[in-house]
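Below you'll find the structure, written out as structure tokens, and then a few comments.
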Amino acid sequence: MDKAIKSDPARRSLAALTPLERYTPPAIFFHWAVALLIVIAYAAVITKGYLPRGSAPRALSMVIHEWAGVLALVLAVPRLLWRVVKGAPPAPPDQAWFVRTGSSLVHLLLYVFMFAQPVLGYLTLNAGGHVLTIPGLDIALPQFIGQDDATRRSIKDIHETIGNAFYWVIGLHALAALWHHYFRRDDTLRRMM
């Protein structure tokens, strides 16, 4: 039992009645797998910026970025379906309305990001005339739009703008989890572990 609950008799009795309601194991897997792929995608594209144009390491960074994005999208689909079917554990009963509202908004934005970013990245590749093939199988993924440099630049700008904005949303999500864990001392973070 955490310190905040121990020091407050009302919360202590509530905690005794309500066991820790965790996310399901598949939800936890999807959360951390997609999070890891997003970190890899960001790390790869940042690394690319430090490498010389035309170099093999720069090309490898882009391949890693592209496939991390594709795999994140592939896992985001069952993640969203699982969330729709199984839901999420209820928020702690003592959370203020603005915390619940903020949490819902950030989660909605994260889901939009999980789908929009990989799709925009993939469309950027399509418009640039690039084809992704499954490594080792030489199976090309489908092209959804034709090659067009003006379209590529427009989609790429949107992809990069959303990517930059989401540094803040992802950071807010992580800071909120740490705030719950270290300052509120509630079970919000532990529910996803």
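Cβ atoms here come from the backbone N, Cα and C positions, even for glycine.
Here is what TrEMBL records for this protein:
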DOMAIN    22-193  domain 'Cytochrome b561 bacterial/Ni-hydrogenase'
TRANSMEM  28-47  transmembrane segment
TRANSMEM  59-77  transmembrane segment
TRANSMEM  97-116  transmembrane segment
TRANSMEM  123-145  transmembrane segment
TRANSMEM  165-183  transmembrane segment
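Outside the transmembrane segment (165-183) by six or more residues, the chain places 38, 42, 102-103, 106-107, 109-110, 113, 117, 189-190, 192 with a CB less than 8 A from a CB of the stretch. Sequence-distant contacts of the transmembrane segment (59-77) (same chain, six or more residues past either end, CB-CB distance under 8 Å): 30, 33-34, 37-38, 40-41, 44-45, 47-48, 51, 111, 114-115, 117-119, 121-122, 125, 132, 135, 141.
Restricting the average to the domain 'Cytochrome b561 bacterial/Ni-hydrogenase' (22-193) gives a pLDDT of 93.
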